[in-house]
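J.: Would you mind keeping the following structure in view while I ask a few things?
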Amino acid sequence: MNRGFFNMLGRRPFPAPTAMWRPRRRRQAAPMPARNGLASQIQQLTTAVSALVIGQATRPQPPRPRPPPRQKKQAPKQPPKPKKPKTQEKKKKQPAKPKPGKRQRMALKLEADRLFDVKNEDGDVIGHALAMEGKVMKPLHVKGTIDHPVLSKLKFTKSSAYDMEFAQLPVNMRSEAFTYTSEHPEGFYNWHHGAVQYSGGRFTIPRGVGGRGDSGRPIMDNSGRVVAIVLGGADEGTRTALSVVTWNSKGKTIKTTPEGTEEWSAAPLVTAMCLLGNVSFPCDRPPTCYTREPSRALDILEENVNHEAYDTLLNAILRCGSSGRSKRSVIDDFTLTSPYLGTCSYCHHTVPCFSPVKIEQVWDEADDNTIRIQTSAQFGYDQSGAASANKYRYMSLKQDHTVKEGTMDDIKISTSGPCRRLSYKGYFLLAKCPPGDSVTVSIVSSNSATSCTLARKIKPKFVGREKYDLPPVHGKKIPCTVYDRLKETTAGYITMHRPRPHAYTSYLEESSGKVYAKPPSGKNITYECKCGDYKTGTVSTRTEITGCTAIKQCVAYKSDQTKWVFNSPDLIRHDDHTAQGKLHLPFKLIPSTCMVPVAHAPNVIHGFKHISLQLDTDHLTLLTTRRLGANPEPTTEWIVGKTVRNFTVDRDGLEYIWGNHEPVRVYAQESAPGDPHGWPHEIVQHYYHRHPVYTILAVASATVAMMIGVTVAVLCACKARRECLTPYALAPNAVIPTSLALLCCVRSANAETFTETMSYLWSNSQPFFWVQLCIPLAAFIVLMRCCSCCLPFLVVAGAYLAKVDAYEHATTVPNVPQIPYKALVERAGYAPLNLEITVMSSEVLPSTNQEYITCKFTTVVPSPKIKCCGSLECQPAAHADYTCKVFGGVYPFMWGGAQCFCDSENSQMSEAYVELSADCASDHAQAIKVHTAAMKVGLRIVYGNTTSFLDVYVNGVTPGTSKDLKVIAGPISASFTPFDHKVVIHRGLVYNYDFPEYGAMKPGAFGDIQATSLTSKDLIASTDIRLLKPSAKNVHVPYTQASSGFEMWKNNSGRPLQETAPFGCKIAVNPLRAVDCSYGNIPISIDIPNAAFIRTSDAPLVSTVKCEVSECTYSADFGGMATLQYVSDREGQCPVHSHSSTATLQESTVHVLEKGAVTVHFSTASPQANFIVSLCGKKTTCNAECKPPADHIVSTPHKNDQEFQAAISKTSWSWLFALFGGASSLLIIGLMIFACSMMLTSTRR
């Protein structure tokens, strides 16, 4: 479906949009023909109801509400079962809903007779279908039937690529259909739930607006035209990004799917069943609730703690079947829990103590210096456990140890300074804190003050490439992760349990050698004693325990099993409730955007093959560079203050990134001082800067050659003089011109003629005579044989070519994105056809296999098991890195006193294991193995006046098609991939890293905790947990453990491939790929349709053409200008092409007259650009003497490579030839001969 759903409809003009204030249905009701059957009744009913309910607000009459009796009279006119709609309508009008806004009213009015419900077999609405532009369209993932007697019987065409299906709309319904538009500038649009914002190429809505069941709804502009159809949504924090179908200006359908999108079709309701003992019940309708039977309700939750519908059961247990708002406002999941006292390491920054605000854990994974704190107190609840926004509750340290409450103003949080509290819920606080070495939570009231300090280093954090202490007011927004301040979000679960009852010494009294159980007023307590025999009992008044003489022989406690507490190691696990519950961990770590500073842009000074960056910043800013060739040579440096950095730039280019600025790519031009067409010293100066080594070698060679030539000439002259004068030295007074004597000594030599040679062979070797004579005859015979064999082939080929539908053209295109390759297709009998192939994009797509994911782990230390006067035994457990150990001779002591009546026969079973961190979903790394890579390119092909875009795999096999065009590309000349065999992906960044294999964990190293996915149950780990013997002062579980290998890897991961990849590759993920790598050449075979060619008789015929270059600057841009003067037989379009790789023309086709001139622009990298240009097939040569460019550095890559024959100017060659064989050489030789003659003709006696 290359044209989407509207191939035929895109060419007709859109009908004029209907005005919003004039209801279209009422205006057209009179002239419409009467419809027969059920469809007509439904249409009339829909029109009437819409006019009464919605159109009332738009009528041009006084805004009086319609009397209720008239609405009731209209209701019975609905099809059978009138009572059911009545009750439904009454139910809808009972809640006091806010009045719909203007955008909602408009959407509702337009959707009234154009949008249809899609229902499943049970009659539930699961999505929508809409009538638009002569078609009825429905999302493919909405599996149901359109609630319309006619539309439900239509045959739909499916398109899985766009997740849509469509059918032709009946003719009598087309006038009521929507129209669509491809124009959607940034701003706000309308849909069923209000406003939709379009920005950055995405449609977004506030979170919580819209959801399942909204698939298929339209998004409309203010004119009522559809700009998009909603398919689903992806939660992105405070807003939801919509997955939509839109259309471009050519009518082609475009599907936009944000990452993490969920389809918004309403799933069929499946009743989940939960268990209580052997009895099953629907999870959303438990047999009891917490307010009625707290203990039994907790039993139900604990038994179904691992059920997939646990959240549904938890909500049902809390709601108790009540629909009143007062109930929902005070009942919360933390109503099931209670605060507790825990052992704090530093109370008031000094000594350990039992604290009501013991800090259990601190998370600091957010990028905005926000921390999440878990304590033993509860925030947002009053003393009774009801939700109260301005209160908190805590376990009192006083003798009664009851739950107390206070105002949230008493809660203070600090690190190295005060923190700002952002949100709170249950055991958790969310605060933004300055850096520090510890975290302190304090309760400061007028009566008392208590605090707890946890040693935890809070490091200053920043995102981006510039360090800052405080986020700027103005700057740039980049992706980051923050804690969601909404209390309703969940980051996972925390484990809860009902602890063993705490024994309080205050419940026992010793008097006169007797022990008494002394319960608080109106409370029951249970005592256990070992006074010879084991004794136990439950009393409500002061009672003597017979046989006991000391308090240490007994323990007494209150039994309350109606509350959960956090599974803290400071509490004792209950023997009867080993099952655990779980509650949601609030304040999820979510992706967001953070404001970061942007350093002052560098002052860039361009030089010859180098740039200087003058940098000035008042905070640490990162500067990274890499070369865009085969050897990237990446550099990284943090800079502060004023400084200058110099970098060499070559033809391949250099990329530098300064702070949070966008990457900048620069390329060196072959600019140089001097003039390649000037005097010798200017030529030497020019080439010395461009090619210093070769220039030095050439000048040195020329100098040496001249010195050798002069030296040899002088020596030869001396020797000739000596040799010639020697014979006359014996003849006294001889005067003879020596030059004449030398000339006489030279013998003449002439080659024999053909006749003399043949006569000699006939006389001396007749066989060779005949062989010599047969050579021309043999050549003639071979030539005739070849012609006789080729003639039938040429005849058959010519007949076959006349029948084919396409002409195949093969060429090789450089794999350099955005650089066009141009060719001229010359076909016998047809006019030349210009062909331009541009690699718009390229992707190296490796096949990958995810080995595992890893992230920061959380150590879970459950409440220990205590056995008084006995021993325990460890049992195996299905947890990652599970460690268990039993310690004997312990003396458990808590804030209520001793918990056992034995001194040393007690035992404690300590356990510990690890889990994925609650923030692992937002901060984890993928360990991936990379295998064979495939390559895909996006091509832009222009032939004649036709432009086509297509994607094709570069494997030499798989064809790519676009309309009548067929292309086969590859294989590429050189295989390349920037990825090693093992890579790690973390937050969109890719690292080549040799990670450990799955199952080969090492404590403190990358991969110390591994899972195949974030939701899998196959978690394995090795963190070297070692349990230690607890001390007697309090109940606790001491242990040691290796630090997180994931955190250590993050701090030493090095630079990602995005900054170090060769060939200028851009690395992307989801899927893993390398984009726009400039390397290699791609062979391409293209079948050009016959319709693209023009017969020679129909094309202009250029008889003469002449090229004159008016201006030429060799550079990366089109710096040359040439004028082609021509004579043609007719007016028309002519292809113009450069047949030399020395120059590339900017134009592909020009308009010619019968006689005239056209100007073309060309790009060359050579100072002497001599290239052949053809106009309508007529060729001529352009000779250009190009000047060096003024700009040393440019931002565009070169379009041509320099060739040897064009690298040296014609003037340089002239000077070089003149040096060795021109007039100067002749002059030197003449002078030498003259000198020799003078010496030889001189007389000596």
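Every residue gets a Cβ built from N, Cα and C, even glycine.
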J.: Look through Cys529, Cys724, Cys869, Cys884 and state which residue has the annotation S-palmitoyl cysteine in Swiss-Prot.
T.: Cys724
J.: According to Swiss-Prot, which listed range is region 'Interaction with spike glycoprotein E2': 157-162, 565-570, 1183-1188, 1201-1206?
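T.: Here Swiss-Prot associates region 'Interaction with spike glycoprotein E2' with the stretch 157-162.
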J.: Checking feature assignment: coiled coil per Swiss-Prot, candidates 682-730, 780-828. Which range matches?
T.: 682-730
J.: Considering the residues Cys274, Cys594, Cys744, which is the one that Swiss-Prot annotates as S-palmitoyl cysteine?
T.: Cys744
J.: Looking at Cys745, Cys1065, Cys1077, which residue has the S-palmitoyl cysteine feature per Swiss-Prot?
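T.: My reading of Swiss-Prot gives Cys745.
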J.: Quick one: which of Cys874, Cys900, Cys902, Cys920 does Swiss-Prot link to Cys855 by a disulfide?
T.: Cys920
J.: Check for me whether Swiss-Prot puts Glu752 and Ala974 on a single side of the membrane.
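T.: Topo match: yes.
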J.: If you average the pLDDT over the coiled coil (1196-1245), what number do you get?
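T.: Here the mean pLDDT over the coiled coil (1196-1245) amounts to 62.
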J.: Provide, as an integer number of angstrom, the distance between the C-alpha atoms of Asn278 (N-linked glycosylation site) and Asn945 (N-linked glycosylation site).
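T.: Rounded to a whole number, the Cα-Cα distance is 78 Å.
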J.: I'd like to confirm something. Which of the recorded positions, Tyr189, Asn524, Asn646, Asn1051, has a Cα closest to the Cα of Asn945 (N-linked glycosylation site)?
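T.: Its closest listed neighbour, by Cα, is Tyr189.
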J.: With H, G and I counted as helix, E and B as strand and the rest as coil, say where DSSP puts Asn646 (N-linked glycosylation site).
T.: strand
J.: Including all protein chains shown, what's the count of other C-beta atoms within 10 A of the C-beta of Asn524 (N-linked glycosylation site)?
T.: 13
J.: Report, as numbers and ranges, every residue of the chain located at least six residues beyond the topological domain 'Extracellular' (752-763) whose Cβ falls under 8 Å of a Cβ in that stretch; write 'none' if there are none.
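T.: Distal contacts: 769, 772.
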J.: May I ask which of the recorded positions Tyr189, Asn222, Asn524, Asn646 is closest to Asn1051 (N-linked glycosylation site) if we compare their C-alpha atoms?
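T.: In terms of Cα distance, Asn1051 (N-linked glycosylation site) lies closest to Asn646.
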J.: Could you tell me the C-alpha distance between Tyr189 (site 'Involved in dimerization of the capsid protein') and Asn222 (site 'Involved in dimerization of the capsid protein') in angstrom, no decimals?
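T.: Distance between the two Cα atoms comes out at 7 Å.
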J.: If you draw a 10 Å sphere on the Cβ of Asn646 (N-linked glycosylation site), how many other Cβ atoms land inside?
T.: 10
J.: What number of additional C-beta atoms lies within 10 angstroms of the C-beta atom of Asn222 (site 'Involved in dimerization of the capsid protein')?
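T.: For Asn222 (site 'Involved in dimerization of the capsid protein'), the count of other Cβ atoms within 10 Å is 13.
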J.: Counting Cβ atoms within 10 Å of each candidate's own Cβ, which of the glycosylation sites Asn278, Asn945, Asn1051 comes out highest?
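T.: Compared across Asn278, Asn945, Asn1051, the most Cβ atoms within 10 Å surround Asn945.
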